[in-house]
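J.: Okay, so Swiss-Prot annotates it like this:
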DOMAIN    4-139  domain 'B12-binding'
BINDING   SER14, ASP15, CYS16, HIS17, ALA18, SER62, SER63, LEU64, ASN94, ILE95, VAL96, VAL97, GLY98  adenosylcob(III)alamin binding site
Amino acid sequence: MARKIKLVLGVIGSDCHAVGNKILDYSLTEAGFEVTNIGVLSPQEDFINAALETNADAILVSSLYGQGELDCKGLREKCDEAGLKGIKLFVGGNIVVGKQNFDEVHKRFTAMGFDHVYPPGTPVETTIKDLHADFPDHA
């Protein structure tokens, strides 16, 4: 039997939106993933430390208060410096201020090193599908 995909999940920065985080935690766990949920109000270092402690395969960052772009800057570089080079980075939610063209938002987050970038309202099934595609040996 294949090892479960290990995920670190949390809400970055000063964002305290907990309901979506709990829904993601439940849905991903039910789908067979091993989820470490660091909760809300989480700085980048908490994601990195949890990923190191759990030997995570991916970090899933959520943000709903619109400041995700600021909060996520430098995360890829910090992951690399901490020994997590190549860890998959996912981000989703209301990750920028105001209504912006999502193609442009996607480009900016991809340039920051994120592997998957999701707009508000993305079904969790999309993330699950992407996780299985990224880790076919664990599906």
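Glycine residues also receive a Cβ, built from the backbone N, Cα and C atoms like all the rest.
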J.: Within the domain 'B12-binding' (4-139), how many residues are helix, strand or coil going by DSSP?
T.: 59 helix, 31 strand, 46 coil
J.: Near VAL96 (adenosylcob(III)alamin binding site), how many other Cβ atoms are within 10 Å of its Cβ?
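T.: By my count, 20.
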J.: Looking only at Cβ atoms, how many others are within 10 Å of the one on CYS16 (adenosylcob(III)alamin binding site)?
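T.: For CYS16 (adenosylcob(III)alamin binding site), the count of other Cβ atoms within 10 Å is 12.
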J.: Of all the binding-site residues here, SER14, SER63, ASN94, which one's CB has the most other CB atoms within 10 A?
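T.: Result of the Cβ crowding comparison: SER63.
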